[in-house]
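Contents: one structure, followed by commentary.
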Amino acid sequence: MSPQDRPSRTTEAFFGRRRGKPVRPQQAAALESGLDAYRLDLTADAPSDLRTLFETEVSAVRLEIGFGGGEHLLHRAIEAPTTGFIGVEPFVNGMAKMMMAVRARPLANLRVHDDDATRLLDWLPPASLGGIDLLYPDPWPKKKHWKRRFVSPVNLERFARVLKPGAKFRFASDIDTYVNWTLLHCRAHGAFAWQAAEAADWHRPYEGWPGTRYEAKAIREGRRPAYLTFVRK
């Protein structure tokens, strides 16, 4: 996407690098070497065919935004070696965990971005992704902060641009207000069709779902996760 075509970020929340607890020396070493090997270079033009980004032959490319500690992304990348996966995680501690995992088990079908997800979305060519996962994003529970949620009209427009027709946007959350928010925004957008045949569908985990530590905590605390799937028209 050319600079003049990019949506303005003046009214958007910035999803840039964040740090929590100090990373251990071993994690810091894995982070440095891992990012050298797996990080995408957004200063270069994006290839017209994203499959060329990977060190192995892949048939499709998927994106996961905010992969946390990487449990789901790692599981999917191992499960589907002929699919290329791009993972975004601006939280340094989460990226360090992921880089520790791939140091122990290298993955030729993985690339990562450790900064603002919207910059990556604007870098990608149109109709280049076979799917987007947004799993347990920051819910910004206070109503005055809802405008900071990642699901927004401008970001759904980004999703619509980069997803291939028929590709799926999957969203999981245990926060009812965010689930309703996402349903309303996606149904209002026009480019997405909610894929749910019956009421129970949106409480049924995705096929092959490995679960995450965050999800397990939510269930222990009595919150019921929802799993939404939207198809790009």
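Backbone N, Cα and C define each Cβ position, glycine as well.
Annotated features, as they stand in Swiss-Prot:
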| type | residues | note |
| --- | --- | --- |
| ACT_SITE | D138 | active site |
| BINDING | E64, E89, D116, D138 | S-adenosyl-L-methionine binding site |
| BINDING | K142, D174, T212, R213, Y214, E215 | substrate binding site |
| REGION | 1-23 | region 'Disordered' |
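The recorded positions listed here are E64, D116, D138, D174, E215; among them, E64 has the most other Cβ atoms within 10 Å of its own Cβ. In the structure shown, across all protein chains, R213 is the one of the binding-site residues K142, R213 with the greatest number of other Cβ atoms within 10 Å.
Between the C-alpha atoms of T212 (substrate binding site) and E89 (S-adenosyl-L-methionine binding site), the distance comes to 15 Å. Proximity of Y214 (substrate binding site) to non-local residues of its own chain (separation of 6 or more, Cβ distance below 8 Å) is seen for G68, Y136, given in sequence order. Comparing Cα positions, D174 (substrate binding site) lies closest to D138 out of the recorded positions E64, E89, D116, D138. In sequence order, G66, F67, G68, G70, M95, M98, V112, D114 constitute the residues six or more apart from E89 (S-adenosyl-L-methionine binding site) in its chain with CB-CB distances below 8 Å. D138 (active site) falls outside any helix or strand according to DSSP and counts as coil.
Rounded to a whole number, the distance between the Cα atoms of D138 (active site) and R213 (substrate binding site) is 15 Å. Taking the Cα atom of each, K142 (substrate binding site) and E64 (S-adenosyl-L-methionine binding site) are about 25 angstrom apart.
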